[in-house]
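To keep things clear, I will list the structure first and then write my remarks on it.
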Amino acid sequence: MILCIEKILPPADLEIVLSKLETAEFIDGKVTAGWHARLVKQNTQLPKSPALTAIREMISVALQRHALFQMAVHPKLIRPVTVSRYQVGMAYGSHVDNAVMHDPVMRSDISMTLFLSDPATYEGGELIIESSQGETSFKLPAGAAVIYPSSSIHRVEEVTQGLRLAAVTWIQSWVRDPSQREILFDLDTVRQTLFETSGKTPAFDLIAKSHANLLRQWLEF
Ligand code: NI
């Protein structure tokens, strides 16, 4: 399941993040890429710094508070974000993200790109995700994120004008299988809609029961 989530970072937080990045110095992004991704990674990223620590904390809190994100992802571990900056001529060619990550040691199930720059301020820089149905292109409003299976091949198109800032991270889910996560997400959506429209009816209870029991079957400890 690929899902776009608007305003995953509240506008006030986004403003603070952008102001911190305005004066920050960036380093070559190759330092954190796997050996094969390094061949196609051409961007810069924010090195360890008080600004990065603050941004990581803000985004971590925003993700913990975001009900739709929690419902879609069931996060067990969320890696602190990497903040990347693409200037004109920079791109990140087709690659698959590392399966195992460190600090913390985890499996990457879900990748997330949180767009920080206003899309009107740069050209190019689309995130392209490949799937069996073809390629899908994402260039979202500032503060919005796309989450997608880490198993997919993806790339960032060359930026031809302006500056593209984004925060990326990876999540290990309590539910490893993407199709199971999608079923849980659909059931949860129906469960909530039923509750909003008709309250706690017997139908609501049945859906809630199925959702809870599938979670019991599929949660990984
Ligand atoms: Ni990637």
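Note: Cβ is positioned from N, Cα and C throughout, glycine not excepted.
Residues HIS95, ASP97 are recorded by TrEMBL as Fe cation binders, and the candidate that the same record lists for that site, out of HIS66, HIS154, is HIS154. Taking CA atoms as the reference points, HIS95 (Fe cation binding site) and ARG164 (2-oxoglutarate binding site) are 19 Å apart. Using a 10 Å radius centred on the Cβ of HIS95 (Fe cation binding site) and all shown protein chains, the other Cβ atoms total 18.
Shown for the domain 'Fe2OG dioxygenase' (77-173): DSSP residue counts in helix, strand and coil, namely 3 helix, 55 strand, 39 coil. Cα spacing between ASP97 (Fe cation binding site) and ARG164 (2-oxoglutarate binding site): 20 Å, rounded to the nearest whole number. Regional average pLDDT for the domain 'Fe2OG dioxygenase' (77-173) in the model is 96.
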